[in-house]
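According to TrEMBL, the protein has these features:
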- 1-10: compositional bias 'Basic residues' (COMPBIAS)
- 1-29: region 'Disordered' (REGION)
- 39-61: transmembrane segment (TRANSMEM)
- 73-92: transmembrane segment (TRANSMEM)
- 104-122: transmembrane segment (TRANSMEM)
- 171-190: transmembrane segment (TRANSMEM)
- 197-215: transmembrane segment (TRANSMEM)
- 221-239: transmembrane segment (TRANSMEM)
- 251-273: transmembrane segment (TRANSMEM)
Amino acid sequence: MQSSARRRQHVPTPGLPASRLGSTQQEDGTRNSRFHLDLWFYFTLQNWLLDFGRPIVMLLLPLDWFPLNKPSAGDYFHMAYNIITPLLLLKLIDRSPKTLPNSVIYVSIITFVMGASIHLVGDSVNHRLIFSGYQLHLSVRDNPIMQNLQPSSLVDSFELLYYYDEYVGHSMWYIPFFLILFIYFTGCFTNSRKESSMPLSAWTLLLPSSLYYWYLVTEGQIFIIFIFTFFAMLAIILNKKRKGLYLDSNGLFLLFSFSTALLLIAAWIIWLWNDKVLRKKYPGVIYIPEPWAYYTLHINSFH
């Protein structure tokens, strides 16, 4: 009777993965803490190719191949990103013993896809305007090509597009993105100090991963979301340390990637601290210029 009762206690709930049977499961850190090289490699590769690489591809390929009234190569890259990234995020969550209810994960992924899709449209139009003389280091209304629009009320429409792209789209895109990374991070702990180290493969991916987070924060203007996630990660580390748990290789990889990205962001701010033009474009308390604004101001205009 007792043995059968024990067996019944370990029967998984139908329809739910074993890794999602509650937030307290495997709290003692006895799970397999091997480095998820496959996921982190695919994650870093597709981030560089499909996110960072898409505007570069659009600028490098001949304009005749992709007319301005049709989707560009960068747009197809963005579409692929909007499909592949949610799948990788779900795979990441599946490998973590700590997660939120399935409904929260599904809503997060849906919100992510919707925000990234809003950004796809706004970014597509925005990069086409560059070919018409639009300057990213200036506000929408201060751009010379906008001042010549007739009727002048069209500028309001472009400002609305900019608002959807930079504020609505980015918020709906990046808040779920970092939420899922944080949920995954909360499960990256082990009770063995020997397992609290990174393999060579993790160190190899560290710099590309950190550079991408630097780009994500600076170009996406999401420093508050990023720093809030980073401080939440530090709080989790302190809480787990009191329980005798240590970060495993995956947790260390995320923590070091965020830490290095933070140093790169600080260096970027210091380098451009006295840039008067960019200061005018980003007048707020948090001064973090966008890389593409720097490109149109100092590189594209130079050529």
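Here the Cβ of each residue, glycine as well, is placed from N, Cα and C on the backbone.
Caution: TrEMBL annotation is automatic and unverified by curators.
Between the transmembrane segment (197-215) and the transmembrane segment (73-92) there are fewer than 3 Cβ pairs closer than 8 Å, counting only pairs 6 or more residues apart in sequence, which means the two stretches are not in contact. Among the listed stretches 171-190, 221-239, 251-273, the one sharing the most Cβ pairs under 8 Å with the transmembrane segment (73-92) is 171-190. Tertiary neighbourhood of the transmembrane segment (221-239): same-chain residues 166, 170, 174-175, 178, 181-182, 185-186, 213, 247, 254-255, 258-259, 261-262, 265, 286, 288, 290, selected by CB-CB distance under 8 Å and a gap of 6+ residues from either end. Below 8 angstroms of C-beta separation, residues 29-31, 33, 85, 89, 92-93, 95-100, 105, 108-109, 111-112, 114-116, 118-119, 196, 216, 220, 222, 225-226, 229, 232-233, 236, 240, 245-248, 250-252, 254-255 of the same chain, each at least six residues beyond the ends of the transmembrane segment (171-190), sit close to that stretch.
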